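Record features (TrEMBL):
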- 201-394: domain 'Peptidase M28' (DOMAIN)
- 464-677: domain 'Endoplasmic reticulum metallopeptidase 1/1-A TM' (DOMAIN)
- 694-926: domain 'Endoplasmic reticulum metallopeptidase 1-like C-terminal' (DOMAIN)
- 77-102: transmembrane segment (TRANSMEM)
- 434-455: transmembrane segment (TRANSMEM)
- 467-496: transmembrane segment (TRANSMEM)
- 508-527: transmembrane segment (TRANSMEM)
- 539-557: transmembrane segment (TRANSMEM)
- 563-583: transmembrane segment (TRANSMEM)
- 595-621: transmembrane segment (TRANSMEM)
- 633-657: transmembrane segment (TRANSMEM)
- 669-689: transmembrane segment (TRANSMEM)
Amino acid sequence: MGKEGRGDMCNNNNDYDDHDDVMEFGKVLKQAMASKIGHVRNEHKNIRQRLRNDGNEDPPETYQPEQNRYLKHNSNIISLPTYVALVLLFIGLLLFGLAYVLHYRLPAPLSIKDIGSLPDQFIAERALNHLRHLTNIGSKPVGSYENEVLAVEFLTREISFIMQRANPAQKVSFDIQKCTGSYFLDFKPYGIMNYYSQVQNLVVKLLSSTNSSSSLLINCHFDSVPTSPGGSDDGLNCAVMLEVLEVLSRSETSLKHNVIFLFNGAEESPLQASHGFITQHKWAHEVKAFINLEACGAGGREVLFQTGPNNPWLIQMYGESVPHPHGQVVAEDIFQNGLIPSDTDFRIFRDFGNVPGLDFAHAMNGYVYHTSYDNLDAIPTGTLQHTGDNLLALTKHLASSDVLSNSQEHAAGRTVYFDVLGLYMIRYSETTGVILNMFTVALSAYTITKNIVIIKSGLSRVGYLKLLLLGCGIPAVGWLLSFISVLLVAVILDVFNSSMSWFRRPGLIFTLYYCPVLISNMVFPLLFQNFINKQASWLYVNGVQCLWTVLLLAGIISGIRSAFIFMLILLFPTLASFILSLSHWRNNLRVWLTVYVASTLPSFVFVLYSSIMAFGLFVPITGRIGPDKNPELIIGIFSALLCLLLISYVTPLIILLKKPWRVVASASGLHLLTVLAVTLTPLGFPYSANPSAPSPQRIHILHTEQIFHDLLGHVRSENSGYWLVNMDHNSPGSVQALIPEVASAQPVGSTCEKELFGGLPLFSPRVIQICEHTHWIPAPPPVFHHPTNLELMSQQNISQTTTRLTFRVRGNLNSFTGPDRMGIVLAPSVKLTNWNFDAELFESGYKWQNKPTYFISYAQGLTGAPFEFWIDVEAAAGLPAVHLDIAVVGHYVNSRESMSEEFKKFLSKYPDWAHVTAWASTFKAWKF
């Protein structure tokens, strides 16, 4: 072939991708063999000559295509200008803006003026008025006057007004339930016996037109934690339920089944009034499905984060009916695996009522959750409209469905579900999900294999193996380096006391953690670009595709429904590769590149949208996960995973840029500047008291009295002080320079083992695991006008080896005064065989001095009978006494007079960006 013909061939191949480059080479070989002509390169003389082929189909040994065309630069292959990286960044920012707007988009709220023209629609302004009255009451802990009297009076009054205005075609019944009971609450890692007395439920029943015996339950709670008015948690949902009840009761058309509206008065205590309803109320047996409304934030859209168990018809009806769908099965997997330190009434209805349901929560702006900032100002009116529109539509659809009355026939199976930018809810069965995932794996494997065949046809075995290892190995190393780099950044920030610098400004996560992941995935392809041709960049793409295929296959094997994310990441590029392989456009590198990048956009937008929701949830949660966990590691690893989902397919294209190291240098410089800024300037301070956008540090401080008795009942030791329960990684160091007492505070440490539960007034069994990370400041004792005490009422031998001990705790507001929140801790040296609580004996799981422990949580709503209980202990005959350690913890949450002036003065020293929850408490221990 002459020089002219050779030049023509080069020009024709200028735009070929490397698949077609190899194919073209094969065609040339075939033509050469057919005409008995071969090519030989003379590297020293740079001349060409013709030779006749000897008939062997293999290329002459002196011609080495894998070296000449793959391991060396080809000047005819296109190189992209560096500004293409800026274009891709700009497109990414535009898509981020789109996802951000759609995530925070709320419907226009309807006002009272719209009632006349839209009588059957949810009116947000009317619900807002309910919410305003409810939050104006203030904090409403169980047992407080605000909760047991004022909130109940308000809700009763509003429900009565609604009943008076109801359409004559509607029948509405109302009942106030006062319930007492107990059950074992299997918190992780330590469970409790949950005992409640005289807690209240307000129950409204909207009867069907068919005298149906099946009911749909809708639940919220009107109590709150101390210091919080409970705007979103859970006043918002109470207001929404009142408005939905108003709209349905005024309708001329009755529903096919009953709807029960449960306003429960003891959820924060925890999860007590819902248990009283589902196990004791006269209407509980009618409930066939439920909707639970909760909050772990304020504002935004409510998210469906838990369904079932099983009963796929529920999510199907949700997707069919609601105008603003929002939910992901990923949230369900995360929540049910205990990664979020919260729980809801969902588990009570599920576990004790055997009823399936849907669990919703407002999860955005979690900074205000359980704080004084959870007020009306934190809730846009559009949030009420969004939740109300969805709840009204879903209630109508479920209560009009034939499935509700025979739901057991539709109970089998689980569902994969996720919303597409809040516009549509995609849902399909778990079996369909497995089939779709397997199809994606098979299609991916086919396209990878096809590409391998194409490569192998033009290469020796060594060359083929080299390219295969480079294609899969380099992306894999980049992924590994991504996680190593973010862990390194997390350690550096922690060492320089700059932990949680992104807490107030989550946008810093991008430059702190996303940039190292980007750099890690760009550097290795560039380091190996001297060993592989630019045109073979698609080899890295195949390698990335192979990695996601393996992860998707692992997800299928493990049965994780959230594996659909890997499917979405893999499906679109794989389909693009398959379609291009069938098209003549595969011969054009620019077309291939355009189609390939475009194929990554659907999953890119979806991951962006999901990332906004995920960080909006998890960043505030790091402020309450405890001091024993490093939030930098959590956010760093989480960021690396999300970043890989976003950029893994794009970063291999870095080798196509003319000046790729400029991109790497820019990302490195941006990351370095951010690290310096957050470690050396106030930019990295994580907390803020800005009322419009607060990000407070949470601190619990209990003014505690400790009294320990010996076997004779004499006081053997007593102490008092401030117990500091640190809720995040920066506490108490963040205030040590501001408050001298905190600077000298002593870590509790080993004292947790010396005394039962360290002599600390635990308010939740979850605090046990962070006990050694809490601190103690000696201080004068609090003043209790109604002290907590334990009395041994009787000791009865019911057999030769078993003794029944009956105790009374002074813990109600009648003749035996004391706090309405208490805890009983038992640590027997002998066997505990029985007690008078409703549940069987369950150990808490915590061992103290190798003894099992039992934690009993007590909450009282209205004034009731004294708290009495008995236990049976078994000991071998001949023992002189029964050995039992028992402690009573009293929490004076609602007793303002127990807050001493010294304690108030100490609390006033905390800065405004610290949200302090404080009360007086007592811990008294006895031996029997």
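Cβ from N, Cα, C; glycine included.
No curator has checked TrEMBL annotations; they are predicted automatically.
Counting Cβ pairs under 8 Å to the transmembrane segment (467-496), the top-ranked stretch among 563-583, 595-621, 669-689 is 669-689. Beyond the transmembrane segment (77-102), the same-chain residues lying 6 or more positions past its ends with a Cβ under 8 Å from any Cβ of the stretch are 14-15, 421-423, 533-535, 589-590, 597, 601, 604-605, 608-609, 612, 650, 653, 656-660, 662-663. Against the transmembrane segment (508-527), stretch 669-689 has more CB pairs under 8 A than any other of 434-455, 539-557, 563-583, 669-689. Tertiary proximity for the transmembrane segment (563-583) is limited to same-chain residues at least six positions away from its ends with a CB under 8 Å from its CB atoms, namely 19, 329-330, 416, 418, 433, 436-437, 440-441, 443-444, 446-447, 450-451, 541, 545, 548-549, 551-552, 555-556, 592, 595-596, 598-600, 602-603, 606-607, 610, 645, 648-649. Counting only same-chain residues 6+ beyond the ends of the transmembrane segment (633-657), those with a CB under 8 A from a CB of the stretch are 78-82, 84-85, 88, 475, 478-479, 482-483, 486-487, 489-490, 502, 509, 512-514, 517-518, 521-522, 525-526, 529, 534, 537, 540-541, 543-545, 547-548, 565, 569, 573, 593, 596-597, 600, 603-604, 607-608, 611, 614, 618-619, 622, 625, 663-664. Confidence across the domain 'Endoplasmic reticulum metallopeptidase 1/1-A TM' (464-677), taken as the mean pLDDT and rounded to a whole number, stands at 90.
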